[in-house]
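Structure first, then comments.
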Amino acid sequence: MWKRWLALSLVTIALVHGEEEPRSKSKICANVFCGAGRECAVTEKGEPTCLCIEQCKPHKRPVCGSNGKTYLNHCELHRDACLTGSKIQVDYDGHCKEKKSASPSASPVVCYQANRDELRRRLIQWLEAEIIPDGWFSKGSNYSEILDKYFKSFDNGDSHLDSSEFLKFVEQNETAINITTYADQENNKLLRSLCVDALIELSDENADWKLSFQEFLKCLNPSFNPPEKKCALEDETYADGAETEVDCNRCVCSCGHWVCTAMTCDGKNQKGVQTHTEEEKTGYVQELQKHQGTAEKTKKVNTKEI
């Protein structure tokens, strides 16, 4: 009788211990409030700390931020504010209304990392839905085989996918291509192409702007976590979405690169009495791009810091 009681006690203790282990984080963070855009995490010492949210849920409920940028949802807005250390509030629900202005300081059309990652998430979701398990008498299709099928369908015979071929592949899925950040449809088409280029850059190991099958496989590998790249300028690093100005032109940090408008500045748009020749302006933009070497060298450090 006592042996039976001892066995039951051991089972009960094991079950209680098993239930407590996964709840340890929730217990530590139970009374911790981190605020919008942040979440509670547990340090190596077992203490609670607040960090920027690692990944927001992908539900689509666009909001316009006070910075004039459209976000997929409230969480993405507050996460961006946390990562950039800036104060961003919800201006109104829905996409930001495009300002019909002739002002040359308007921001260039760019693919932000959030846009790139959202396109990638939708592609992976679509491809995973096509997986067919092996049956009793039939062979199914695994993830690699599905990617191989699409790769061969859009490859022109050189065993690589360039940006136009990759774009044709993306356009096979209505959900994937429906990334709408701008009110103007032409800008959204441009955004789609820019995000395809950003996806190619993720796994283009030899920098030829084409993907071999292995690079294509890495790009859309569900377990691959794209790094968050920053832009460098004058010994400083800037988060995705940061902006700077060159005369009447605006430059935006997008996926680790500075992207600038190309407006011709007249006397009314220039600041103060400063004048710059086209050569000086071109040189400044080249200076922005030159600093990307520094950003690439510190890529791993920056990723860890985030």
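Cβ from N, Cα, C; glycine included.
Quick look at what Swiss-Prot lists:
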- 1-18: signal peptide (SIGNAL)
- 28-51: domain 'Follistatin-like' (DOMAIN)
- CYS29-CYS40: disulfide bond (DISULFID)
- CYS34-CYS50: disulfide bond (DISULFID)
- 46-98: domain 'Kazal-like' (DOMAIN)
- CYS52-CYS82: disulfide bond (DISULFID)
- CYS56-CYS75: disulfide bond (DISULFID)
- CYS64-CYS96: disulfide bond (DISULFID)
- ASN142: N-linked glycosylation site (CARBOHYD)
- SER163: phosphoserine (MOD_RES)
- ASN173: N-linked glycosylation site (CARBOHYD)
- ASN178: N-linked glycosylation site (CARBOHYD)
- 231-285: domain 'VWFC' (DOMAIN)
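Put simply, ASN173 is the one of the recorded positions CYS34, CYS75, CYS96, ASN173, ASN178 whose Cα lies nearest to the Cα of ASN142 (N-linked glycosylation site). Here the domain 'Kazal-like' (46-98) has, by DSSP, the following mix of helix, strand and coil residues: 11 helix, 14 strand, 28 coil. Taking the Cα of CYS96 (disulfide bond) as the reference point, the closest of the recorded positions CYS40, CYS50, CYS82, SER163, ASN178 is ASN178. By the criterion of other Cβ atoms within 10 Å of the residue's own Cβ, the least surrounded of the glycosylation sites ASN173, ASN178 is ASN178.
Across the fold, the C-alpha of CYS34 (disulfide bond) and the C-alpha of CYS56 (disulfide bond) stand 15 Å from each other. Listed in sequence order, THR70, TYR71, VAL90, ASP91, TYR92, ASP93, GLY94, HIS95, CYS96, LYS97 are the same-chain residues at least 6 apart in sequence whose CB falls under 8 Å from the CB of CYS64 (disulfide bond). Fewest Cβ neighbours within 10 Å among the disulfide-bonded residues CYS34, CYS82: this applies to CYS34.
Distance noted between the C-alpha atoms of CYS52 (disulfide bond) and CYS40 (disulfide bond) is 9 Å. The Cβ of SER163 (phosphoserine) lies under 8 Å from the Cβ of SER193, VAL196, ASP197, ILE200, TRP209, each of these being in the same chain and 6 or more residues away along the sequence.
Long-range C-beta contacts of CYS40 (disulfide bond), restricted to its own chain and to partners at least six residues apart, with a cutoff below 8 Å, comprise ILE28, CYS29, VAL32, CYS34, PRO48, THR49, CYS50.
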